[in-house]
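For reference, the structure discussed in these notes is given below.
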């Protein structure tokens, strides 16, 4: 009836994020998923001593379980992107939750370390990867203005779950053994399916509302004049045909969008993130052994990680709130660069710490800077590529980070074995983080300045004349159509004219309130966009 199909008309433009409502439930699910994804590989280390006794293997052999989990979490990024683009976030997360749970349950029945690699390592790691990436995509879909805060709150799940899963794992190990602990942990991972179930696609609710509005509009339009029922039926049929035709382009949808590599900001972010990961995780991995070598007791050395986790819990949401400020958000890339610089300088300055007080001070500042990095890393990526290409971007970034994860910490461990000196490792890790911060800040500044110095494109006279000519031709054509309609003989009486005028005003007011196209009188052809109610009444009066 002159009104576009609500689904077909809204297809080109993305649905506006609600910044609340059901988005808070999505945020809670993302909080849980982030906690399991980052904390679970570390919490599994509680069972390593028992695994070494039962399978008669060394510590390095059992440590591969956590390494494989992290490698699957990062390395399967493109696979997750393809699955999300093909099937959507909710189905992928439900499958991921089942795989993660099945991996730990099957691991409780294993008889050798290789089977543990395949179950707890590969299967559980793949399941967590299929949950982690879609949850971040859904978070970016539901939040726009409050997205920095949402990212900060979701990232806080990592330290919260780390401080919870490790003591829980120790209790389960003491009461049920490592097999019973793995079985119960597998049951806990089924909560990922619950989190996946709440990831409702944003356009689903919008399409339902628009469909109800369309039905209401058609009902109102068919009731006053019986002749319009035929038009309503034809519009409904056309809507159904449009829905069937609209499903066809999905076959040609890109499963993985490599066009993001043409974005200079994405290239800068990827390079800086690769350098960052080389040194970011080294200090917390070596901190406990470093403290023990300086004469700190075992219990106090382990408490240092708790300090980092406690500070990290509050640093991530606080940094998210700061990043959401109006005068900070346009420069969030520089805030991310500052957080990396802060973290790198903390590593360098603490390299010569020789007592427990110095290590505690290091943990406080490291927890603040580490929380800032964790809260901003995905927010900056969303700001660079946008929500439409984020699913492909995060998959490619995680794949590149996987190589850095496999290079950085193992290389640091080998250097410690060769040099027997932790001070050099802290200097090296801090220098890598500082280098990534300087590269991101300087490269972003140069690109922004280059973009500002480029003169704005001047209006081409020929192009402008062409557009004016097209508008003039359309006006002439519309005038000719109006004049041809005006010269047609009138077959209605004065009463019919009054009824037509009232009907036109009534429909025009409804159209103006619903934002649709301009309706026409009974038996008329559809009017052009941009016509108003006065023009329609004038046409009917003739």
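Backbone N, Cα and C define each Cβ position, glycine as well.
Per TrEMBL, the features are:
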COMPBIAS  468-478  compositional bias 'Acidic residues'
COMPBIAS  503-513  compositional bias 'Basic and acidic residues'
DOMAIN    23-448  domain 'Major facilitator superfamily (MFS) profile'
REGION    228-248  region 'Disordered'
REGION    453-542  region 'Disordered'
TRANSMEM  21-40  transmembrane segment
TRANSMEM  63-84  transmembrane segment
TRANSMEM  91-110  transmembrane segment
TRANSMEM  116-137  transmembrane segment
TRANSMEM  181-202  transmembrane segment
TRANSMEM  266-291  transmembrane segment
TRANSMEM  303-325  transmembrane segment
TRANSMEM  332-353  transmembrane segment
TRANSMEM  359-378  transmembrane segment
TRANSMEM  390-412  transmembrane segment
TRANSMEM  424-448  transmembrane segment
- Query: So what's near the transmembrane segment (181-202) in sequence-distant terms, Cβ-Cβ under 8 Å and 6+ beyond its ends?
  - Reply: 15, 17-18, 22, 25-26, 28-30, 32-33, 36, 40, 47, 88-90, 92-94, 96-98, 100-105, 107-108, 120, 124, 127-128, 131, 134-135, 138, 141-142, 169, 172-173
- Task: Across the whole of the domain 'Major facilitator superfamily (MFS) profile' (23-448), what does the mean pLDDT come to? Round it, please.
- Result: 84
- Item | Paired segments the transmembrane segment (63-84) and the transmembrane segment (390-412) in contact, 3+ CB pairs under 8 A | yes
- Message: Assess whether the transmembrane segment (390-412) lies in contact with the transmembrane segment (116-137), where contact requires at least three Cβ pairs under 8 Å among residues 6 or more apart in sequence.
- Response: yes
- Among 21-40, 303-325, 332-353, 359-378, which stretch has the highest count of C-beta pairs below 8 Å with the transmembrane segment (266-291)? 359-378
